[in-house]
């Protein structure tokens, strides 16, 4: 072997260098360079503890308390906003309804109980022994019907009207004449007559110039009491025939006539009745005639709306 830096003598064969069998590490995809001291984390996804990829992006898992903290104010704001919208909508609906239907006033006419209903039904059938017909007041406001039997209510007229329609359907069914159209005609005719009565009385009060505290709802209540006698007459007619129908209906007609006279005279003739002055003037005469006409119309309508139901 020759020293370094000296050329090999001529004729000496040159040795062939074979490639070294030492392995050179080759980097595989997904593996770090073996000659690199530190891992390149600029493009690789961050890893949390244990080598698992972290969805948070900073090596820490997202905290559930942070998400709840952010979601709570949003939900509270949504609830407050929704409740405010509901309150505004309710207020708007109440105002629009009160323009046409006095809901607050209607609550007064349905303030009844079982004792009142029983006493009022007895008064409608037997009004002859009742003495005190004046409505009681408390601080210039009439007391609720459940505390005063003389106060008008809408519960009995409404229930009586519905019951009358059901009894009419029963009567038509026993005679093999029932049909939905005929029952609807019965209900619509009863409502039409009631509406006509109210309009006629209000127009008459306007023409006679009567200053009274009788309201439209009071009129509907008083005029609706006649359905109680109509129910009794039709049921008796179904059980005992026409004789029973005429007897019971006649009694109920007289009773409702007396009831209406004694009730309306305190409404239409309130000033004259309070002062005890005899009704002699022309205007008071008209008021008395109006009271008599309203009371007399009740028996006529009671017969007209029920006579065809009993055969």
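We number each residue from 1, going along the chain as drawn.
Even glycines carry a Cβ here, placed using N, Cα and C.
Since this is a predicted model, take the numbers as computed values, not measurements.
These features come from Swiss-Prot:
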COMPBIAS  14-24  compositional bias 'Basic residues'
COMPBIAS  48-57  compositional bias 'Gly residues'
MOD_RES   1  N-acetylmethionine
MOD_RES   64  phosphoserine
REGION    1-57  region 'Disordered'
TOPO_DOM  1-153  topological domain 'Cytoplasmic'
TOPO_DOM  175-189  topological domain 'Extracellular'
TOPO_DOM  211-216  topological domain 'Cytoplasmic'
TOPO_DOM  260-289  topological domain 'Cytoplasmic'
TRANSMEM  154-174  transmembrane segment
TRANSMEM  190-210  transmembrane segment
TRANSMEM  217-237  transmembrane segment
TRANSMEM  239-259  transmembrane segment
TRANSMEM  290-310  transmembrane segment
Intrachain residues whose Cβ lies under 8 Å of the transmembrane segment (190-210), provided they are six or more past its termini:
161, 164-165, 216, 219-220, 223-224, 227, 268, 283, 286-287, 290, 293-294, 297, 301, 304-305
The topological domain 'Extracellular' (175-189): which same-chain residues, six or more beyond its ends, come within Cβ distance under 8 Å?
165, 168-169, 305, 311
May I ask whether the transmembrane segment (290-310) has at least three C-beta pairs under 8 Å with the transmembrane segment (154-174), counting pairs 6 or more apart in sequence?
yes
Taking every residue in the topological domain 'Extracellular' (175-189), what is their average pLDDT?
93
